[in-house]
Amino acid sequence: MTLIRSVWSRIDRFLAAILLTVAFATVLPARGDAAEAIGWLTDAAIALLFFMHGAKLSPEVAFLGARHWRLHTMVFLSTFALFPLLGISARFLAPGFLSPPLWAGLILLTALPSTVQASIAFTSVAGGNVPAALCSASASNLLGVFLTPLIAGFLLARHGIDISARSVLAIVVQLLVPFVAGQLLRPWIGAYLTRHPRALKGVDYGSILLIVYSAFSHGVVDGIWHQIGAGELFKVALIDVALLATVITILTFASRRLGFSRADEITIVFCGSKKSLASGLPIATLLFAGHVGLVIIPLMVFHQIQLMVCASLARHYAARQVTASERHAGVSVTPV
């Protein structure tokens with residue numbers, strides 16, 4: 001029993017909920033009128049999700065840290081340039097390593113904005129620059145509302161995946177309209193969301209689980225589990241790990257070479273290596289309507305990998321900080 005509790009405590013509860021939703025969709029997929037109703041609910045959930053994020057995110061906070069422009073530039077370039085470059089390079093070097101839908105999912109993953117909550121949490125645990133992390137992650141999400149569909153649409157179209165410019169612009173509008181509405185209503189409801197973070201968290205989690213159920217319902221009806229096996233899932237995990245490890249290594253090396261402080265290095269590493277599940281699933285659903293099942297698998301796998309890797313990395317940074325503090329304290333009290 002103790003062993004079971006120990007294993008369960010190490011599992012991300014949200015990932016467990018996603019896996020249970022996938023299992024439920026496999027056993028009882030939505031069909032016919034039910035599928036149509038779920039589709040409408042999913043569209044409404046996506047609109048609500050971006051509306052509430054618009055109401056929660058503060059433009060003032062996002063751009064308040066302009067004096068840290070070098071740090072924010074590093075995070076921005078990692079999120080919207082380095083990641084996509086690595087993604088398309090991997091596809092160019094090994095086009096047959098993954099099936100086309102999984103490559104599409106990986107390319108979409110590389111164009112996503114950073115997370116807000118996880119970036120700030122890991123930066124705080126590691127002893128990084130938390131105000132800069134808040135600014136950088138918030139700005140990434142603000143820009144990602146319209147940049148991500150444009151970058152993803154461009155990259156996917158260039159690599160033979162049928163995505164029209166009209167559909168990309170339609171997605172920008174679908175995401176931007178509720179987001180802007182939330183920003184406009186922020187003076188009236190922003191304080192409430194700040195005081196009650198569980199409201200936004202509930203919408204985040206509920207929307208994502210609904211999107212996952214809808215996506216895998218479509219996939220099960222179309223025979224998704226006959227299209228992917230354990231070997232293919234292992235390949236996805238392998239390329240996700242390689243992608244994350246490469247980005248973290250480059251950011252760590254570049255931060256030190258460019259003379260950033262330790263606290264700023266931590267912020268750059270954690271904000272620049274994250275990808276948002278909350279943004280990725282709605283965008284995938286809108287971009288690949290009716291064919292999203294396999295496409296979201298790279299993102300779902302990457303989500304769990306980034307949580308495990310960054311939790312370990314945050315503890316490592318924190319331990320180094322404690323060791324350095326103890327060493328400094330030891331030196332300071334040594335008798336002369």
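Any Cβ shown, glycine's included, is placed from N, Cα and C.
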*Candidate ranges 22-41, 202-221 [criterion: TrEMBL lists as transmembrane segment]*: 202-221
*What else in the chain is close to the transmembrane segment (233-254), if you only count residues 6 or more beyond its ends and a Cβ gap under 8 Å?*
74, 78, 82-83, 86-87, 90, 97-98, 102, 106, 110, 265, 268-269, 272-273, 297-298, 301-302, 305-306, 309, 313
